[in-house]
């Protein structure tokens, strides 16, 4: 074994110098062959870098004036250019600048790749604000100088409108770290006035640009601070997922205290809250809602628990008067946002921020961040889903609060008009609110339907009901597994049925009024006629009741028949003629008018039992023995009267 090992060592010691010597040889043809077989992609980058290293170490040491040197430099420039393109595609712009500069700074031989690299470099110099390296300073440069002067003047005079000028400057030089940091500073100053989603999103975008384009030039502390700031704004202002930046922060330094505390806080809240899909995704809300059953626990956690969910000293670095976890969370959010405002990495605090009161910055909008509105929405949904009446009542006020801060002013006005005046909503309102927060739309619908119960029926009201009903049908909500959705659907159907019954009653009243007007008109034209009952007409049969039916049974039968032969049925039933249905309706009304009146009903019953009793068209015949409807004397022409004369 020792002999074999010794032999191998002897052979290796002989071959190694040969390998080292071979590696120092410039095999240009082999390097050119390798270059042709490679794609311009990230996977090929290490191979391009190896070829570039071979060229630099073994091939570019010869006399620059030698004949073979031009081929070496041409290959090197091609390799550098491809490396630069791959670096650009990976957002490594500063590295790409260094790579392209290797081509341009070689004065001996540039070739076509030298021109391409020069063009790329000039564009990158402008993007990064390296104006001292730009060859042709055109109108764009003049505008850059003008904007710079305007920005300096506005900053010195504390004019916050400078944000518009900085934004315009970033359109010229989007990756200039000095311009980006100035923009961040102005945005933070505005955020101290009002916690606004668009401002927070703009700050995050600027910091992400700096991380993407200037990562290599940033210190570890700066990178940690940036990831922390982005995480706070994403979580508690934008209500978006910050897990990527928290992981980045802790991967750089797992003991970084701010990111550790933030991660712990978010983790504890996520254990209580339902998933965002269950709250914000319409399909999950409507058809998978039964998967979450801890609605009572949510109300308990935020509004009833007597202990904070995390030790105040851990997250706030101070004690606080604890009322419940909802108000405690408000304090945490204020503290965290204040912290990122004060730290604002890379920014210089060029403006004087609003005064701090009671340890916190001015704006009341701390209470209206997207995250807190989201928590309000969770509590609202919990109030609708909880079987415990007391808990539900405790959480109910958060519905109106969440809705007020979720809707735009215009949409809020439309919602109020729908509630108070039953005005139909604009076409997009129902779908827009549904797609952003489905439970809030169901709360809106419930409020509108309950409010409209006491309102008079109108065409507007019918249009509003039809609009809501169409939305339910279009989205398949009649099949929802969410009990609150189904509660609203049943309430809507009940309201629609009430409206239909009201419409039927109105029609019948109008019909009776017309009949009464006609009768009054006839009475004015001719002497009133005595009741005329045709025993051939069976009013009981027409109404479908027995002769012993009560008044209540007669009325019920009548209402059912009026629904059946309502004018709306005329259009729906193509087999019956319009005149026939009107005739049927006339008989129904005639029968009901007689049988619903006790006196008329008695008279009708008597006429049916004694048909001859009702044979006189003008009422009962008067007992006048001297009146003969025929010709002559009523006792016959041969009858002789004897008056005792």
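Here the Cβ of each residue, glycine as well, is placed from N, Cα and C on the backbone.
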Choose the correct range: of 191-211, 212-232, 233-253, 254-274, which one does Swiss-Prot annotate as transmembrane segment? Give that range. 191-211
Segment assigned the feature region 'Disordered' in Swiss-Prot (from 558-594, 595-631): 595-631
Counts of helix, strand and coil residues, the domain 'J' (538-608), according to DSSP: 54 helix, 0 strand, 17 coil
